[in-house]
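K.L.:
Okay, handing you the structure first.
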């Protein structure tokens, strides 16, 4: 599959200083006579201090593309094989976020490790969130193919450690290692898509991977429960090994490695470009905020010195990190120039809010089903399917519309409106709400999410210069991870506080501490029958109040769409650093 060389001329449709050019101005010669470009002629007029970031976009390479009829993409069957491998990798990486949830009771029984429960999930989350931006730099300076394969290898090693561990410490270590590899899988998959097809076809494939990410969120607890009940909990991690191996084989054999986007010579120069000083402050800052959110209101009161200390540590470290980024500019982990780009910052905020809303409902809808409708964890996952089907179907449909129409911005307006209406209706659920309500409300919410969840990735590929696409992709991926982590903790604290308040009002004679500590699936079996109606009302109120966090996020996400430019993905020669 090749692009038409005349498609280069469409770059001139945008103002020379437009962010969509990534700072690259097209000369009159390039605009008028693209076929007359000499390999030795410099036709790019670059703003000051931006020559380094477009090293790979040389005139010689552009001229060669023109002579050859455009960049070469893999054949249809090779592309299908590559996409299958990417789907396996993204599904397993996303699956690891939730698959352990239903296996934790069995694991704690085997290892006698009740105090370590929080670390089983957070160890994976800490390394994933902390190192996502690091992979953005690695993909910029080294071969996308080999960095991606290393990420897969590290993820596989972590999975093996988790599955084979003889104790709780080994499981926590394995989760951290798997998270380290997982940090590079999603953004790397998006960059491989950018290397294997023209821009106008990418929305469909990015939408497919985004839909799989959502499916994995719900499939995780179902698969974890099935493995734990019928085989062993260790297969929650062993399942990653064959899929990861197939992905590595497909990428190794069928993905043609592009040249690094920026070339560096000496080891010293490479270390300087990786911004190790910035990472020295960024990683502990992220760990501090995640620990504060995980412990606050659960293990420790919000006013506890540990929680306050973690928030203060986060604030100090992140301010130092921002200062380092401002000083380093082009060699920073997060280039300030990208943050100031209204398209990138808007897409990042949009992704933060919409993904945060999705994760809140992914966690708390099953809780509503288990506690109020008295179903098992497996059945609650099945009852959550209307949301997931809505997300997957509309993600693929909207991605196809973007490829056909060329514009992603309209769908980024539609998504918050529809999703916030669906989320608002879900927050009205009552103890006696029937199938029509919880199915219909979920479907509407999922449809809204599907229109918008994959679009931020399209934005950064459409508006950024090739050398900036890996960093832009990493920013969006980081926002996905951190958004879920932050807002689930916010919803958890809303739920905990409201539950205790409502129990005191509606069921003052009930043992509030015992009810709060009881799992959702055991609620109706441990509460006395004479108190059960009042307790269910209190539980329902607390959960739907937690839903308000997801409602607010869905509504506020539209603010991220407002600054976006209306840029078409059709007919543009924009590559991710080929």
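Each residue, glycine too, has its Cβ placed from N, Cα and C.
I grabbed these lines from Swiss-Prot:
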- 1-70: region 'Disordered' (REGION)
- 49-67: compositional bias 'Basic and acidic residues' (COMPBIAS)
- 80-100: transmembrane segment (TRANSMEM)
- 116-136: transmembrane segment (TRANSMEM)
- 146-166: transmembrane segment (TRANSMEM)
- 177-197: transmembrane segment (TRANSMEM)
- 235-255: transmembrane segment (TRANSMEM)
- 276-296: transmembrane segment (TRANSMEM)
- 307-327: transmembrane segment (TRANSMEM)
- 343: N-linked glycosylation site (CARBOHYD)
- 349-369: transmembrane segment (TRANSMEM)
- 385-405: transmembrane segment (TRANSMEM)
- 406-426: transmembrane segment (TRANSMEM)
- 444-464: transmembrane segment (TRANSMEM)
- 547-567: transmembrane segment (TRANSMEM)
K.L.:
Honestly, do the transmembrane segment (276-296) and the transmembrane segment (307-327) touch, with at least three Cβ pairs under 8 Å and pairs 6 or more apart in sequence?
P.N.:
yes
K.L.:
Using a Cβ cut-off under 8 Å, which residues of the same chain at least 6 positions beyond either end of the transmembrane segment (444-464) come close to it?
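P.N.:
For the transmembrane segment (444-464), the far contacts come to 19-20, 22, 190, 194, 199, 202-203, 206-207, 209-211, 214, 338, 341, 343-344, 346-348, 350-351, 354-355, 357-358, 361, 386-399, 402, 408, 411-412, 414-423, 425-426, 472-473, 475-476, 479, 554, 557, 564-565, 567, 569, 572, 574, 576.
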K.L.:
Mind checking which residues reach the transmembrane segment (146-166)? Cβ under 8 Å, same chain, six or more beyond either end.
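P.N.:
For the transmembrane segment (146-166), the list is 89, 92-93, 96, 135, 138-139, 173-185, 188-189, 191-192, 234-238, 240-241, 244-245, 247-248, 251-252, 257.
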K.L.:
Let's check the environment of residue 343 (N-linked glycosylation site): how many other CB atoms sit within 10 Å of its CB?
P.N.:
23
K.L.:
In the three-state scheme derived from DSSP, which category covers the residue listed as 'N-linked glycosylation site'?
P.N.:
helix
K.L.:
Counting only residues 6+ away from its ends, which parts of the chain sit with a Cβ under 8 Å from the transmembrane segment (406-426)?
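P.N.:
For the transmembrane segment (406-426), the list is 200, 203, 350, 354, 357, 361, 365, 398, 437-438, 440-453, 455, 458-459, 462, 544, 547, 550-551, 554-558, 560-561, 564-571.
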K.L.:
May I ask for the residues of the chain that lie six or more residues beyond the transmembrane segment (547-567) and have a Cβ under 8 Å from a Cβ within it?
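P.N.:
For the transmembrane segment (547-567), the sequence-distant neighbours (Cβ-Cβ under 8 Å, at least 6 residues beyond its ends) are 14, 18-20, 342-343, 345-354, 356-358, 360-361, 364, 407, 409, 412-413, 415-417, 419-420, 423-424, 426-427, 445, 448-449, 452, 459, 462-463, 487, 490-491, 494.
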